[in-house]
Amino acid sequence: REAGRRTYIPVMSGENKLSWQVKDLIPNSEYYFRVKAVNKIGGGEYLELRNPIIAEDPKQPPDPPVDLEVHNPTSKSVTLTWKPPLFDGGSKIMGYIIEKLAKGKERWERCNDYLVPLLTYPVKGLEEGKEYQFRVRAENAAGISEPSRITPFVKAVDPIEAPKVFLAANLQSGLEVKRGDEIILEAHISGSPYPSITWLRNDEIVRPEEIKKRVTTYRRKKKVRDSIRADHGTFTIKVENDHGVAKASCEVNVLDTPGPPVNFVFEDVRKNSVICKWEPPLDDGGSEILNYVLEKKDNTKAEMGWVTVSSTLRHCKFHVTKLIEGKEYLFRVFAENRVGSGPPCISKPMTAKDPFSPPDPPNKPDVQDVTSSSMLVKWNEPKDNGSPIIGYWIEKREINSTHWARVNRNLVNALEIKVEGLLEGLTYIFRVCAENAAGPGKFSPPSDPKTAQDPIIVPGPPSCPEVKDKTKSSVALAWKPPQKDGGSPIKGYIVEMQDEGSTDWKKVNEGDKLFPTCECVIPNLKELRKYRFRVKAVNAAGESEPSPATSEIPIQDILEEPEIFLDIGAQDFLSCRAGTTIKIPAVIKGRPVPKTFWEFEGKAKTTAKVEATDTRSVIIIPECNRSHSGRYSITAKNKAGQKTVHIRVNVLDVPGPPKDLKVSDITRGSCKLSWKMPDDDGGDRIRGYVIEKRTIDGKAWTKVNPNCGSTSFVVPDLISGQEYFFRVRAENRFGVGPPAETIQRTTARDPIHPPDPPIKLKIGLVTKNTVSLTWKPPKNDGGAPVTHYNVE
């Protein structure tokens, strides 16, 4: 893994080796490595490097420099040139060491104090007339190389000879090479002192750094490795010393594939074809363009590849057909010469569709010159959307039909058409559509209806307007239609007004905003200002003469006392069931708009909801009960006066409980119940009472009678000695109300009172001191057995 990443990448798996060469490393990048052993059970733990390894070649001293040459010897100096070592030892060359050896000496002397960074060096301080040999060493971070080849002895004397230069014989007619081949230009040079050499291309000095150090210059030779197309041109060698200058030139042509064509454009884009056009490459690669290759690609599908449209194009233009409408395409074109195909020129995306669309719809047609059998239909030319309009289609429809019929069989080139053969009395509408190369466009809006009839005239004047209503800023007018409509229905009316003190009449509404009926409201008038008004009728022929004008009308509010109309069946009494919603709607009239409020029994009804507008007020009481029964009042008030209307509401419900329920006349088989009528009869007559009984141990109430019409009842069929509770409920037509119940229990038994006197008292045997008496028991024992008799 790289030192900056966390993920390891496998480089070897399954090999039974103890070493492995890892390839494809990035130079100068840091890497960690790890390895683990694997057997059939699985893998063991990883052994991992603690420190990263830098991917770099091993360093060693460089090879010796090559091609050492001596130039321009003088009595004091000489110039050395050389080429760098073929191998730098894996480390950058830091510089060079130059050494000299005088003839007759055995020890080499160093000429430079510091490393020379360049490939040339002027050796100075020579002794005139002596002969010297020279050599060069290269130095990198690993050390110093072996010395270069030793030069021949050079004598330190000043030469005297004008420079001369001749190109090699094979260069006299120029040089042609293929891209990637070497350009070798060799020249024969002479002169003393030895001339300086300058190589030029197209009159500009060729410096190795300008062409990425591919240029090697010898004393008589220039070599360009891995030539590229940009290396072509006129190469000139210029030699110069103190005695003159000489030049020699050679035309060099580097053959390469041509550059990409340029300026790829589309012409005449259609839904299924397009014309592709481009210009030749700026560089033909030094050879004539033989042909072009055009390819296309469906840009909407990434998986689709390039498809050849044509590979034998001689010209820079081609009509591509069989495209699919709506698809987006890419095109590219290659130029080919005798070397091969160059890089492509790729177009921008192109969608296969017509460059224009059908025309816009014309405006609404205008129908003129109406007769009983013909009409002249006119329209304006619409936007053509990129393609000239070639004509128009016109359709007609009778107003009561749904079918449009074509008027013209062939396209109409004009902006009007006279439609003939119409049926008198029928009303027609017309519509128009334009057509261009893309086809017919949408139809225009239909024309205004026109009836096939002879020409019409303007209508007669309406009647004089009458004032129906007015406020401090408006007036409502009404009038009667003209007696003659001029043979055409009245479209509407124009109202004109004249301000107080003015003679000019101003239109209240324009002709395109006609009042459709014989009435209107004119707003935004000035209070207390006086105006006059008149009316014109409008038909298909135009405006009529104005009606007679009104007298001056002062603009002010009309005062009307409030009026209240209760919108219910009974104007003064309303009955409703308990639990329902009470709604009392009232219609309010008055000028100005009255203010309204509701009251209940003379007080504001806070629990009720009131919905009010300028002309209507409704009081709403949801889920009413008996407490809502009473008199409701609504009051309307404005500047002209005040009006109050009352309505009595009766909320109908079941009656309340009876009062003062009492039990009397108790016997062992019956008792008497009595009570008083309820305080609240529920708003309806009490039809009767329901009496129920319950034993002290029972939970259910048993009805004693179907219905009782009075306020007392004798309850029969009691069980002697049983204790009872009783209750009574009142009933009206809305149901049975809550009960009145006895609080104390009642025991079914006869009442106890003194017995009647015994009967048939008789005197029996009489003695001197006794008497015998007999009698019979009383007829009524008083409700309890006779316990004894008292005899007196």
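Cβ atoms here come from the backbone N, Cα and C positions, even for glycine.
Not measured: the values here are computed from a predicted model.
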To which of the residue ranges 39-72, 345-378, 651-684 does TrEMBL assign the term region 'Disordered'?
345-378
Using DSSP, tally how many residues of the domain 'Fibronectin type-III' (1-58) sit in helix, strand and coil.
0 helix, 13 strand, 45 coil
Please report, as numbers and ranges, the same-chain residues at least 6 past the borders of the region 'Disordered' (345-378) whose CB is under 8 Å from any CB of it.
260-262, 264, 266, 268-274, 276, 278, 299, 323-333, 384-387, 389, 392, 394, 415-425, 428, 430-448, 450-456, 540
Counts by DSSP class (helix H/G/I, strand E/B, coil) across the domain 'Fibronectin type-III' (64-159):
0 helix, 41 strand, 55 coil
Positions on the same chain near the domain 'Fibronectin type-III' (757-792), where near means CB under 8 A and six or more residues out:
750-751
DSSP residue counts for the region 'Disordered' (345-378), split into helix, strand and coil:
0 helix, 12 strand, 22 coil
